[in-house]
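Here the structure comes first, spelled out in structure tokens, and everything after it is commentary.
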2 protein chains.
Amino acid sequence: MNEFNLIRNYFETSSYQRRDVKVGIGDDAAITQIPDGQYLATTTDTLLESVHFLEGSAPNAIAHKSLAVNLSDLAAMGAEPAWINLSLSIPSADELWLSEFSNKIRELTEYFSIQLIGGDTVKGDLAITITAQGFVPPDSILTRSSAKPGDWIFVTGTLGDAAAGLDVLLGKLDVHDLTHKNALVNRHYYPTPRVLAGQTLRRLASSCIDISDGLLQDMQHVLNASSVGAVLNLDQLPISKALGKSIPHLEQALEYACTGGDDYELLFTVPEVHRVSVESAMASYNIPCTCIGQVTGAQGKLELRLNDEAYALSGKQSTGFQHF
Amino acid sequence: MNEFNLIRNYFETSSYQRRDVKVGIGDDAAITQIPDGQYLATTTDTLLESVHFLEGSAPNAIAHKSLAVNLSDLAAMGAEPAWINLSLSIPSADELWLSEFSNKIRELTEYFSIQLIGGDTVKGDLAITITAQGFVPPDSILTRSSAKPGDWIFVTGTLGDAAAGLDVLLGKLDVHDLTHKNALVNRHYYPTPRVLAGQTLRRLASSCIDISDGLLQDMQHVLNASSVGAVLNLDQLPISKALGKSIPHLEQALEYACTGGDDYELLFTVPEVHRVSVESAMASYNIPCTCIGQVTGAQGKLELRLNDEAYALSGKQSTGFQHF
């Protein structure tokens, strides 16, 4: 089977169809139309087998994560996702694998009303690169660099579940309760990009980032980009029932919540004047969010507190995911 | 060295800077502004070591080709390139390699006035995925699907050089003249995307594609997409002096010109009414182009002629590059 049939069979119709796509898959480039007065948001992420997902992961989980990490990046900018490009490197044209993978892509494009507009298929070690594009109004871009001293620090959802789920799969963490175990493992396999939350935070949050490398590492990115500091109250960190019940020691649960990667929750800062609006808006969409600290003027400095006392993590992974 | 320092050191400043980039490298996504009334063109290509370039190729050649193939796709749509995203998978953070690679990216972004707006760096086998974005006026999109019977078939530049250059490197083709040898090898390593030609063909060409998989295979894509046929006069194929002088047998030279991949010339069709305009416009920009045949109504059928006689290629590679 050559590349062209491969693409045609699995991906040409593997997508929700949008009216703003003028030329889709099958030509040298896709041609699309941005709404008047909107800016374009673009992000790219590559996922490699054994680095970003476990060898032998289900094709639908790989598809889900590849798309979710990119939509999460758009969400962190407050952008509305529109189109994706998919570059797929696979060892062979395995029809079952391609069918499951492309079915999940189709399902997610329908769920998020986005269109697969192009890509590339090459023969090589399993790797997926997705480029996601979306729109954002010029006055509503959420960056990492505008947090101000005094702003409140929030996160969506719960923290540490995906990392705990990975440890369950790796046999490093033993969880007896099957419901909790499945909940953690599913957070690892099927992260939920906070697309609606990101758009809700437009004009309300002063900065935003998605938590992919762990709370502390991603918080530090915001501090560095904004030239501010932060105090995080670890007792306020949102810990899921699944994680809390599965981990006997508080310190280990905090370790997961602080340094565990792949949660894809949003970490954002909110000026006092917008705090109530943010909490109301998020509540009206049923998006859980929790205030976990406050921005300070101590440039680059991240202070951790537990029950109002200074606290230091003792775990080995305290710096988060290292790419090299 | 972690990913963030790696990106910061080599790529954050590794680009021409454009005023339409509102948020560049360093946030969750790039934010850019499309000119009013223009459509967005987007294309993605992945290059793997040992598949798309020889193992041990110079970093600057890899950078050049990775960018050129994407700009060539934009050119084939008549688009003006604007921004690129780069996803780089490398086995280790080799500083010399990264320095050479990023220097070439910077040089080319300056040459083409495009900006590197984001990307990803992962640890893995050497692979480069670039997503290129550009603009095209709504009434000027060049697709593969609008060729009409009677249209003239043109190509830019010369054909077969890159494939012959590759064979020189692989020891399959012996070229004694050093000037010719270097010319062929350089066409393999440093293809020239026909960016200006693509924009010049707007509103003049009826269809356009870039030749990446070989003339015959890419011609067939146009025929299939446009539901037409074609007659190609092989005696009219533009053969460079380097290729013509290096290949003793005409048939072998034609084989390279018909099936050799990686030339990245444009193959386009022109209605009779625009033929003179195309030839004048291309001449005014010093872009060589040659009429090599004519579109017919014989749906999907590609006829080859040599000196007005039917001709069949005898080589093994007569179907062009096979991806799987």
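Don't overthink the numbers, they just go from 1 along the chain as shown.
The backbone N, Cα and C atoms fix where each Cβ goes, glycine too.
Whatever TrEMBL says is automated annotation, not expert-curated.
Residues annotated as domain 'PurM-like N-terminal' in TrEMBL: B:26-136. The Mg(2+) 4 binding site annotation in TrEMBL covers B:D28, B:T43, B:D73. Per TrEMBL, the feature Mg(2+) 3 binding site maps to B:D28, B:D73, B:D210. Sequence annotations record features per position, and here TrEMBL assigns Mg(2+) 1 binding site to B:T44, B:D45, B:D120. Look at TrEMBL and you will find B:D45, B:D73 tagged as Mg(2+) 2 binding site. Per TrEMBL, the feature substrate binding site maps to B:H52, B:D262, B:F321. The annotation ATP binding site is assigned in TrEMBL to B:G119, B:D120, B:R144, B:S212. The domain 'PurM-like C-terminal' feature in TrEMBL is assigned to B:148-299. Feature annotation from TrEMBL assigns Mg(2+) 5 binding site to B:D213.
Here the features listed in TrEMBL are placed on the structure.
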residue: B:D28; record: Mg(2+) 4 binding site; Cβ contacts under 8 Å, 6 or more apart: none
residue: B:T43; record: Mg(2+) 4 binding site; Cβ contacts under 8 Å, 6 or more apart: B:N70, B:D73, B:L74, B:M77, B:T131, B:A132
residue: B:T44; record: Mg(2+) 1 binding site; Cβ contacts under 8 Å, 6 or more apart: B:N70, B:T129, B:I130, B:T131, B:A132
residue: B:D45; record: Mg(2+) 1 binding site; Cβ contacts under 8 Å, 6 or more apart: B:S66, B:V69, B:N70, B:D73, B:T129, B:I130
residue: B:H52; record: substrate binding site; Cβ contacts under 8 Å, 6 or more apart: B:T46, B:K65
residue: B:D120; record: Mg(2+) 1 binding site; Cβ contacts under 8 Å, 6 or more apart: B:S87, B:L88
residue: B:D210; record: Mg(2+) 3 binding site; Cβ contacts under 8 Å, 6 or more apart: B:S72, B:D73, B:A75, B:A76, B:P193, B:R194, B:D218, B:Y264, B:E265, B:L266, B:L267
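Ranking the binding-site residues B:G119, B:R144, B:D262 by Cα distance from B:D213 (Mg(2+) 5 binding site) puts B:D262 first. Among the binding-site residues B:R144, B:D210, B:S212, B:D213, B:D262, the ones with a Cβ under 8 Å from a Cβ of chain A are B:R144, B:D210. All protein chains considered, the CB of B:S212 (ATP binding site) has 22 other CB atoms within 10 Å. Counting only residues at least six positions away in the same chain, the Cβ atoms of B:A162, B:A163, B:L166, B:H188, B:P191, B:S212 sit under 8 Å from the Cβ of B:D262 (substrate binding site).
The secondary structure of B:D73 (Mg(2+) 4 binding site), as reduced to three states from DSSP, is helical. B:T43 (Mg(2+) 4 binding site) falls within a strand segment according to DSSP. Around the Cβ of B:R144 (ATP binding site), a 10 Å sphere holds 24 further Cβ atoms from the protein chains shown.
Between the binding-site residues B:D73, B:G119, B:D213, B:D73 has the most other Cβ atoms inside 10 Å of its own Cβ, all protein chains included. Broken down with DSSP, the domain 'PurM-like N-terminal' (B:26-136) shows 36 helix, 46 strand, 29 coil.
Largest Cα to Cα distance within the recorded ATP binders B:G119, B:D120, B:R144, B:S212: about 31 Å as a whole number. In the three-state DSSP assignment, the secondary structure recorded for B:D213 (Mg(2+) 5 binding site) is coil.
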